[in-house]
Amino acid sequence: MANRSEETEHDAVSRRSHQGGMILDLMLKRPIRWLRMLVEELHWSFFFGVIVVYGVSQGLGKGLSKVSTQYYFKDEQMIQPSEAQVYVGLIQVPWIIKPVWGLLTDVVPVLGYRRRPYFIFAGVLSMVSMMVLSLHKNLQLGLALSCLVAGSAGVAIADVTIDACVTQLSISHPTLAADMQSLCGMSSSIGSLVGFSLSGVLVHLFGSKGVYGLLGMTAGLIVVVGLILKESPSRSPGGKHVNEKFIDAGSAIWKTFQYGEVWRPCLFMLLSAAVSLHIHEGMFYWYTDSKDGPSFSKEAVGSIMSFGAIGSLVGILLYQNFLKNFPFRNVVFWALSLSVLSGFLDLILVLRINLKLGVPDYFFIVVDEFVSHMISRIKWLPLLVLSSKLCPAGMEGTFFALLMSIEHVGHLLSSWGGGVLLHALKVTRTQFDNLWLVIVIRSLLRVVPIGLVFLIPNVDPSSTILPADMLMNRRSEDVVETDKIEMTALLSNEA
């Protein structure tokens with residue numbers, strides 16, 4: 001009996017040890033092996049650009065700017081939630097015209113260079129606009145919006161420039177396309193996590209305008225990317241050659257869009273984003289209301305959003321480890337189905353049902369934020385991978401930017417539609433009686449994209465979608481070779 005008891009105890013210890021080893025492998029060893037594999041397959045310097053643009057500019061910058069802009073509109077400009085929702089959509093306009101930035105980086109060299117000048121210009125534009133917002137007292141709403149749009153344009157230009165590198169590598173390394181998108185998404189999520197975690201405290205300590213000053217300083221890293229980017233000067237910089245390339249670019253874009261495998265997923269991205277109305281500003285005003293809402297502090301708002309960033313990171317890990325080999329259509333379908341259900345969590349919160357069940361507001365909102373962002377990331381990643389496979393060679397930056405701009409048009413429509421809905425149902429700075437109805441309408445509209453998933457190709461990420469002739473360079477001089485897109489140390493340039 002004693003021996004049997006010892007054997008049972010030994011087996012239990014072995015199982016716990018095995019389970020602990022599996023968790024350690026999943027959370028630490030496997031990601032390290034994955035990163036090491038990418039470093040071996042791709043140049044190490046590729047990571048530097050991804051970290052700066054996705055991790056710092058977009059991730060950290062998003063976390064800091066979102067909370068600071070919400071309080072800036074609410075406390076500095078004193079506007080209604082419906083107006084704030086419309087203005088938030090307006091700030092995203094530079095992302096809609098990303099094809100313009102992509103076309104410039106692909107076919108219009110500046111002083112013989114295609115990438116470096118655009119990184120430098122993007123960084124300077126963001127720095128100047130953020131510093132104006134930070135240092136100018138009593139800035140009029142129109143000028144403030146202009147600065148916010150300019151700052152957004154700087155981030156968008158840097159984004160489309162690094163996207164050209166990512167997309168080109170996706171063509172040359174098709175089996176790593178999903179891995180590269182996961183790397184970009186992970187950098188963005190970790191940056192967002194840090195940004196949101198610090199945002200509430202920083203807004204409390206320095207105010208929203210003080211945070212804009214910090215954003216201006218972080219934008220300087222984009223300038224550094226432009227300064228240390230090793231890039232061979234482009235030949236044939238004449239105006240006639242540039243005009244010919246514009247014509248070639250337009251022809252390539254038109255030819256690519258004639259394929260049903262291209263225009264159908266583009267239509268899905270536009271419609272699915274447009275009908276998924278954004279009501280974030282209405283919820284934010286309710287969160288911070290002292291009468292009807294939970295009256296959260298700045299620190300609490302920032303910490304809540306940080307859990308959303310954690311949810312995004314978990315979504316990336318789930319997709320990378322378990323879902324990346326499944327067909328695009330299947331993953332998007334189930335993610336959309338879960339998104340419909342998660343939308344009603346806000347209804348439980350606003351109707352205060354959670355309090356009747358004994359669940360505190362903060363805990364419930366944290367769970368809501370985590371789940372909704374995790375599902376959103378799982379839904380978005382396969383669409384990103386799919387988009388990278390729809391780009392013809394030589395036009396990677398332009399076409400990928402065009403695909404992303406279609407998504408941003410949908411988000412602009414959803415933001416403005418949410419603002420109209422908040423205004424129509426009379427949700428104001430102090431009145432939230434109809435906020436529950438806004439949530440119901442928003443959640444029901446999320447059902448619509450489920451009926452459109454047939455527009456997404458039913459193929460897996462390892463499949464080739466475009467014809468072979470569109471994935472081959474027609475003009476070698478028009479393409480920046482993959483091995484030339486690398487970051488080097490300043491000492492290497494000096495040598």
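From the backbone N, Cα and C atoms, a Cβ is placed for every residue, glycine too.
As annotated by TrEMBL, transmembrane segment applies to 42-61 (among others).
The annotation transmembrane segment is assigned in TrEMBL to 118-135 (among others).
Long-range Cβ contacts of the transmembrane segment (141-162) within its own chain (Cβ-Cβ under 8 Å, at least 6 residues beyond either end) map to 49-50, 53-54, 57-58, 61, 65, 69, 72, 77, 79, 87, 90-95, 98, 101-102, 105, 115, 118-119, 121-130, 132-133, 215, 219, 222, 225, 397, 400-401, 404. Annotation source TrEMBL lists transmembrane segment at 141-162 (among others).
If you look up TrEMBL, you'll see 183-205 (among others) marked as transmembrane segment.
Summarising the annotation, TrEMBL assigns transmembrane segment to 211-229 (among others).
If you look up TrEMBL, you'll see 262-280 (among others) marked as transmembrane segment.
Long-range Cβ contacts of the transmembrane segment (300-319) within its own chain (Cβ-Cβ under 8 Å, at least 6 residues beyond either end) map to 31, 59, 63, 66-67, 70, 182, 185-186, 188-190, 192-193, 195-201, 203, 284, 287-288, 331, 362, 365-366, 369-378, 381-382. According to TrEMBL, the transmembrane segment annotation covers 300-319 (among others).
Using a Cβ-Cβ cut-off under 8 Å and counting only residues 6 or more beyond its ends in the same chain, the transmembrane segment (331-353) has close neighbours at 272, 276, 283, 286, 319, 323, 361, 364-365, 367-368, 371-372, 375-376, 378-379, 382-383, 432, 435-436, 439-440, 442-443, 446-447, 449-450, 453, 456. Look at TrEMBL and you will find 331-353 (among others) tagged as transmembrane segment.
What TrEMBL lists as transmembrane segment is 399-422 (among others). Listed as Cβ neighbours of the transmembrane segment (399-422) (distance under 8 Å, sequence separation of 6 or more from its ends, same chain) are residues 81-86, 88-89, 92-93, 95-99, 101-103, 160, 163-164, 166-167, 252-253, 256, 266, 269-282, 383, 387-388, 390-392, 438, 441-442.
Look at TrEMBL and you will find 434-456 (among others) tagged as transmembrane segment. For the transmembrane segment (434-456), same-chain residues at least 6 beyond its ends with a Cβ under 8 Å from one of its own Cβ atoms are 264-265, 267-268, 271-272, 275-277, 279, 282-283, 286, 328-329, 332-333, 336-337, 339-340, 343-344, 346-347, 350-351, 383, 386, 418, 421-422, 425-427.
Residues 48-49, 52-53, 56-57, 60-61, 64-65, 67-68, 72, 115-124, 126-131, 133-135, 151, 154, 158, 199, 202-203, 487-490, 493 of the same chain lie 6+ residues outside the transmembrane segment (211-229) yet bring a C-beta within less than 8 angstroms of a C-beta in it. Sequence-distant contacts of the transmembrane segment (262-280), counting only residues of its own chain at least 6 positions beyond either end whose CB sits under 8 Å from a CB of the stretch, comprise 85, 88-89, 256, 336, 339, 383, 386-387, 390, 403, 406-407, 409-411, 413-415, 417-418, 421-422, 438-439, 441-442, 445-446, 448-449, 452-453, 455-457, 465-466.
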